[in-house]
Number of protein chains: 2
Amino acid sequence: MDKILVFGHKSPDTDAVTSAISFSYLQNQLGLDTEAVALGEIGEETTFALNYFNVNKPRVVTTVSNEVKQVMLVDHNESQQSVEDIEKVEVLSVVDHHRIANFQTANPLYYRAEPVGCTNTIILKLYKEHGVTVPKDIAGIMLSAIISDTLLLKSPTCTDIDIASAKELAEIAGVDLENYGIELLKSGTKTSDKSAEDLLNADAKSFPMNKKTVRIGQVNVVDVNEIIIRKEELLEAMKVQSGIQGYDLFILLITNVLENDSTAIVYGDHFKEVSEALNSSIKDNVIFLKGIVSRKKQVVPQLTVKFEN
Amino acid sequence: MDKILVFGHKSPDTDAVTSAISFSYLQNQLGLDTEAVALGEIGEETTFALNYFNVNKPRVVTTVSNEVKQVMLVDHNESQQSVEDIEKVEVLSVVDHHRIANFQTANPLYYRAEPVGCTNTIILKLYKEHGVTVPKDIAGIMLSAIISDTLLLKSPTCTDIDIASAKELAEIAGVDLENYGIELLKSGTKTSDKSAEDLLNADAKSFPMNKKTVRIGQVNVVDVNEIIIRKEELLEAMKVQSGIQGYDLFILLITNVLENDSTAIVYGDHFKEVSEALNSSIKDNVIFLKGIVSRKKQVVPQLTVKFEN
């Protein structure tokens, strides 16, 4: 039996890394030979979660067709967010909670998407459907992903089923949901030791919108000002990346995880579209976004609609 | 609550029509207000099944945005197989057993695909996951779809779970699987009263392959010769359709449902690619395809690989 690699999106966040681990574990229990890998450096929040529950960091890969013929995708489907050589392997299954775009297969496959807050919420369902018990350590990292993706159950992407899943996983993992949640969110917010590139790349995704490429990064903080004072340095780095990668618009969302608002630094063209789509004005490349914490639900669809009409 | 329309692909076969009905029934039991509709004339086999189990024929529509904002797709996802104005409505969910291609959403959605023989096999799972009982009449038409899509459990697309589902549904519907199956398959094979256009359009789908458009129709028979003797008439109709619609290649699969082989009539360019992809030679526009009964599994992937390399 040939090995199958399982991975989340590039610039992996906690859900991308841990859903690969939890889904790989499930598939192995069902008799397959899979390995979870990551498509980029494991961030601080994810490292905190893996260490807390004594789970090994997955291997980082940049290509997959040199070692396997088949893969399983978690927490993404769009090819520009996936591994470089995705066209050279067969996608056997996808578990995701995002829109579907730029995804194509030659053969029928397993595809399981639900509009919930976190991929691991869907994976918990899959464990139950297959009658597989979630081990304590896996429960801990799955819980961490739900906390991370929903900002401790407060994001507008959070559904009742995410809340129920988080409670159930906290019970199995043996942690207090609220206390562990705040500790986890804070672990990912230290920015003073990070370069502008680190901040831009930490959790960034590209979205094609009507022939334009929109790059949207997100960084979680407990104090927005520690990023805003570095605006000029960040704009310079956004300019360099946009020149190399051809981004038409670059947005860095700076999200206050305790207050559940964001401020964004914007570089490139299309400021008018951004202002209109997000209902707020841009001043000196900065826009305040009251109540906005979810790129997927509160930023990408609004920009997509604006760009495509 | 706004009404939601549920439908299968254009040129609907038994699975496309009945999966819309069975999925709509499930969604209504779960509290939504949905209606199953069809994107084209209901064929003879489907009519036989609906009449046998006393289920009303769904309404036929050609557009949907004039009456609803949201839709659910069953048994297809590719936009060229869907309703004309699919871009104008929101797709809330998809249940399918085909490859994914030419499908894109702005928002996260429910997407449930599995590589099984029939959409209704997946829908039966969904009934169980939601704890909804399958009524006798719905079980009958779901069973009919499995028989139709798997040629009475003999197609290579048929999986163990299709077989188990068919047995379970036959029990609920109160019919003998084998006897009813043969009766159903024969009901769809009467071709003498059909025009060449009827035969070409009865179950035809378009597939974009590396900038070419490949049209593949399929007709089930108990005697292949009754179609082959009409070859010139069919080629003339294929020529007319190809001219109007811009098909680069048109294949009509004539499948013997009792012997599980097909013969195909081929029109257009790319005969060399067809021969190589399907491992058989074309003589006077006719190719014999031993053991081939599944367009999805035995024809489309092979042609896709050939065209894209």
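Even glycines carry a Cβ here, placed using N, Cα and C.
For the Mn(2+) 2 site, TrEMBL lists A:D15, A:D75, A:H97; matching the candidates A:D33, A:D137, A:D149, A:D160 against that entry yields A:D149. A Cα-Cα distance of 14 Å separates A:D13 (Mn(2+) 1 binding site) from A:H97 (Mn(2+) 2 binding site). Note: A:D15 (Mn(2+) 2 binding site) has non-local neighbours A:G8, A:D75, A:C118, A:T119, A:N120, A:A145, A:I146, A:S148, A:D149, i.e. same-chain residues 6+ apart with C-beta under 8 A of its own C-beta. Around the Cβ of A:D149 (Mn(2+) 2 binding site), a 10 Å sphere holds 27 further Cβ atoms from the protein chains shown. Its Cβ placed at the centre, A:D75 (Mn(2+) 1 binding site) has 30 other Cβ atoms within 10 Å. Looking at A:H9 (Mn(2+) 1 binding site) and A:H97 (Mn(2+) 2 binding site), their Cα atoms lie 12 Å from each other.
The Mn(2+) 2 site, placed at the center of the C-beta atoms of A:D15, A:D75, A:H97, A:D149, has further neighbours from the same chain whose C-beta lies within 8 angstroms: A:G8, A:D13, A:A16, A:S19, A:D96, A:H98, A:G117, A:C118, A:T119, A:N120, A:A145.
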